[in-house]
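Input: a single structure, listed below in structure tokens.
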Amino acid sequence: MKLVVGLGNPGKKYEHTRHNIGFDIIDRCAQKLDLPLDKQKFKAIYGEKRIGSEKVVLLKPLTYMNLSGEAVRPFMDYFNISNDELVVIYDDLDLPVGKIRLRKKGSAGGHNGIKSLIAHLGTEDFNRIRVGIGRPAHGEPVVHYVLDTYRKEELAFMNEAAEKSAKAIEAWLEKPFLEVMNTFN
């Protein structure tokens, strides 16, 4: 089984904000794979489907970002999913707008959703796709920046990043994550 988690905040208020790029990419994957998110368990909505010989689960936590681990860990335990069968997709202030970076492990880098996952999983060793949202303009508070929607000039870059991330997930269904990293980084 392969589990793909997109991080974000629940509710209309946060739809299509920078911090919710993980949710947006899960939605894109669901559309590409014809895999509706029609189930709910452990503070998350998800969908599952067998693709070839692999069962794939797409998941969006219903907790707020900084509590993401509370939704993901029970789900992984219940379905007996290992850390190398997990990919987490999330926004990254330290990457330029629209740039993606795949990693097999790493620190939270100040991201509260990843901090929560590390705390609940007990390790930094899990696959991730970091999606660049850039940094706020001088003086703009980070919290306002990440919870805001994209500027018009950012939309094409973010759409491209979402598409590339979805393609990386599709590739991971057939290849080891390290191979996918080498292709998409």
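Think of each number as a place in line: the chain as shown, counted from 1.
In case you wondered, yes, glycine gets a Cβ from its N, Cα and C as well.
Feature annotations, reproduced from Swiss-Prot:
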- Asn9: site 'Discriminates between blocked and unblocked aminoacyl-tRNA' (SITE)
- Tyr14, Tyr64, Asn66, Asn112: tRNA binding site (BINDING)
- His19: active site, proton acceptor (ACT_SITE)
- Asp91: site 'Stabilizes the basic form of H active site to accept a proton' (SITE)
Asp91 (site 'Stabilizes the basic form of H active site to accept a proton'): secondary structure state under DSSP, collapsed to three categories: strand
Those recorded positions of Asn9, His19, Asp91 having Cα within 10 angstroms of Tyr64 (tRNA binding site): Asn9
Set of same-chain residues at least 6 away whose C-beta sits under 8 angstroms from Asp91 (site 'Stabilizes the basic form of H active site to accept a proton'): Leu7, Arg18, His19, Asn20, Ile21, Gly22, His111, Arg130, Val131, Gly132, Ile133, Val146
Neighbourhood of Asn66 (tRNA binding site), C-beta criterion under 8 angstroms, separation at least six: Asn112, Gly113, Lys115, Ser116
Taking residues Tyr14, Tyr64, Asn66, Asn112, which bind tRNA in the record, the widest Cα spacing (Å, whole number): 16
Nonlocal residues around Asn9 (site 'Discriminates between blocked and unblocked aminoacyl-tRNA'), in sequence order (Cβ under 8 Å, 6 or more apart): Thr17, His19, Asn20, Tyr64, Met65, Leu147
Largest tally of Cβ atoms lying within 10 Å of a Cβ, found at which of the recorded positions Tyr14, His19, Tyr64, Asn112: His19
Other same-chain residues whose Cβ falls within 8 Å of the Cβ centroid of Tyr14, Tyr64, Asn66, Asn112, the recorded tRNA site, in sequence order: Asn9, His19, Thr63, Met65, Leu67, Ser68, Gly113
